[in-house]
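The block underneath contains the structure these notes are about, expressed in structure tokens.
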Amino acid sequence: RAVSRRLACGDVEGRLEALFRRVRAIQDKSGRFDMLLCVGNFFGSTSETEWAEYRTGAKKAPIPTYVLGANDQETVSYFPDISGCELAENITYLGRRGLYSGTSGLQIAYLSGTESQEEPAPAYSFSTKDVAELKTSLLSTPNFKGVDILLTSPWPRDVGTFANSAGEIDTKKCGSKLVSDLAASLKPRYHFAALEKAYYERLPYRNHTVLQETPRHVSRFIALADIGNTSKKKYLYAFSIVPMSLMDPAELVKQPQDVTENPYRKSQKDAQKTKATLCAEEEPPCQFFFDLNKHQGKKRPSDGKERWNSQPKQAKKPPQPTGPCWFCLASPEVEKHLVVSIGTHCYLALAKGGLLPDHVLILPIGHYQSVVDLSSEVVEEVTKYKSALKEFFRSKGKRYVLFERNYRSQHLQLQVIPVPLDHCTSEDIKESFIAQAQEQQIELLEIPEHSDITQVAQPGTPYFYVELDTGEKLFHRIRGRFPLHFGREVMASEALLALPQRADWRQCAVERAEEAAQARAFRRDFQPFDFALRA
């Protein structure tokens, strides 16, 4: 029978009678379950009396029960064999770490104890070495796709990133980074943990980078409360699962509607950077292009001779605006007192009603609707302005965030907003954009570092696009309605600049004389970085 019916349970803390009474009631009502998996503290300070009846065989667990090891010195003595053993009839200690493969083909990875900084770790803990060895043993198996279930006692650190709230639990401080690293590598379909005396069912998260990797199955993290808790928080979780190895691949990788970004993305990236540094001498860098016209991106290596387009992009005359345009430099509508630099093909102007006094726009002199419509010489000058602004803002201890909304706009405006370097990292900025996009059901995807926006969007495609001065990019293809001030609202939010009162530019408009003074001040400060003055 392919479908396995399992129960998972949080901290038992020695309350065996209460646990098994509840399991019997569930089985009487819903039929037999194949297995009970217990995470967190199975034993507690008052376990001895109840445990003695099971240990001696006077009582028997009503279901095959598998438990993790001790999380403190006090309960170590209940586990006579560190590598795993039967503790009583129908109650098995899985061991310190490993993979349990049931007869059904279900693969259950497990890690006992809490995180330790010491090496070797105490009997009730795991170390970096334990996690590395468990990862190596599993990842080295041929065609490894992930495990069906992961059991740990601690929560993974940062599991709440991009997700629904975990209530009172601060997921940035709670739990173990090593468990996050393990979950990121093992890609469990279900991950159970406990110890925090809280129930938290996280939204499912994806295990692949959209547009860069073939789709993979999603992961579900479920933290369970302690048995007998007075708040009636959920401590027992029933689920049915077909082993990954027996599933139709297309069925396995189906993405639910509420799927989120991977919460461990940053830790994975850091690990990849370390790995890349170690491998740098062995392998020449390889650039990848992504054909995003197809439904699924495919990588094809470039030898540097191929271009993205088979024909070089011809210099083209920009189309003429259909009516008055506020941003064509030759137009009488342009507020020229806001202009701070003029190049050959582009110019810089302070934003009217800017979020900050140094909120600036990069604009093409001719009438182009979006970045994907630009001719190659305009693109080249946009790039020069980006470099100059990066250098300028870095000299002032800031990094910039650039975004474009190609939706209900007729002339390209690249909004450039600086953020103090010590205020937030580029990862914080990306997380804020992605998290606030998810709240509004907007799918904001990270696009490959070496790829260009023209590879993702065709001319005429409405989109929203964010670029950090590190070159990292986020993209959303607009298919319906889109909030016009989304980029500005994210930047103004408490997580970034904490200026929510300035989210609407109309509330920030100042007198023309003040705008002109701000433009003069910016022009003076920017002068040493302005390549247009040296041309």
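Backbone N, Cα and C atoms are what each Cβ position is placed from, and that goes for glycine too.
Look at TrEMBL and you will find 314-422 tagged as domain 'Cwf19-like C-terminal'. According to DSSP, the secondary structure content of the domain 'Cwf19-like C-terminal' (314-422) in residues is 26 helix, 30 strand, 53 coil.
Feature annotation from TrEMBL assigns domain 'Cwf19-like protein C-terminal' to 440-531.
The region 'Disordered' annotation in TrEMBL covers 295-321.
Taken through DSSP, the domain 'Cwf19-like protein C-terminal' (440-531) splits into 36 helix, 14 strand, 42 coil.
Averaged over the domain 'Cwf19-like C-terminal' (314-422), the predicted model has a pLDDT of 88.
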